[in-house]
């Protein structure tokens, strides 16, 4: 028998691609492997929080307007005129031997010198606060860099700014872990895992202490005015303590600027997270039914203080947050509730005795 004829093949038309199946191949897992599965981490951050963070960054950038330049130029011209007039008065008083006027000129020079010195000091501290944001950006770049140029010097500068002595155990472990073949990303990563947690742990303890004090003070104090003054004073002290831990010396204007940055950051980016975390805890545990109104207000004040401390910690920290390193309100919430319940139980048991 003759073989059947084959169909015609037309090479003028393009080749047709065979459709591929969208299904993945079957995978079989053993019973032992099934116990090692972990649920996928779901990012609970709302979608609009990224937009809020961008709005914060745009709001915190200094705006160099024409009016500001004109005001600064006018102040510089006025200062030069005052100095020139003072020099002229001093020369005239010396030539005429007017010792009273000469003493007044000397006193004025001392006052002006003290004012200029304080302005320069405030400017330097404010500049250091602004430089911390640039250092954080530089650290973020180094954590993605494969060069071997600036990593070690950058980390040593951070340790010196934070007041960490060369004989500190954490710094000694970091020196022992690094070697010449490591790149900047590995060196800065080792610093972030070995040295930076020492400062972060101290900052967390300060936040816990100040938040607990705010909670207990609001819970037991009957005067709202005293509560407001106490909370404002303790929050400023908390910001100063955190800035000092991270090697930033705050002046008057730099303290106001940091406080403003923290409040702006909370207002833009922290409202949704605060409402979500506090609301979930209060609704799930029904704290309003268990605790008194003053106790609930104390917990709210303590959580706001903790939120303030977390944001101050984020702005003063020289390194960006790594995975799961950023403190959350939940870390402090359970501690505050436990301390408040313990205090209330002690106060109830003391009259019975």
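Cβ coordinates come from backbone N, Cα and C, glycine included.
Going by Swiss-Prot topology annotations, residue 66 is found across the membrane from residue 235. Looking at 70-90, 133-153, 154-174, 175-195, the stretch flagged in Swiss-Prot as transmembrane segment turns out to be 70-90.
It is 213-233, from the ranges 213-233, 234-254, 255-275, 276-296, that Swiss-Prot records as transmembrane segment. Long-range contacts of the topological domain 'Cytoplasmic' (91-99) within its own chain (CB-CB distance under 8 A, at least 6 residues past either end) are made by residues 105. Mean pLDDT of the predicted structure over the topological domain 'Periplasmic' (1-69): 56. Among residues of the same chain six or more beyond the transmembrane segment (70-90), those with a C-beta under 8 A of the stretch's C-beta atoms are 101-102, 105, 108-109, 112. Taken through DSSP, the topological domain 'Periplasmic' (121-212) splits into 70 helix, 0 strand, 22 coil.
In the topological domain 'Cytoplasmic' (91-99), the DSSP tally of helix, strand and coil residues is 7 helix, 0 strand, 2 coil.
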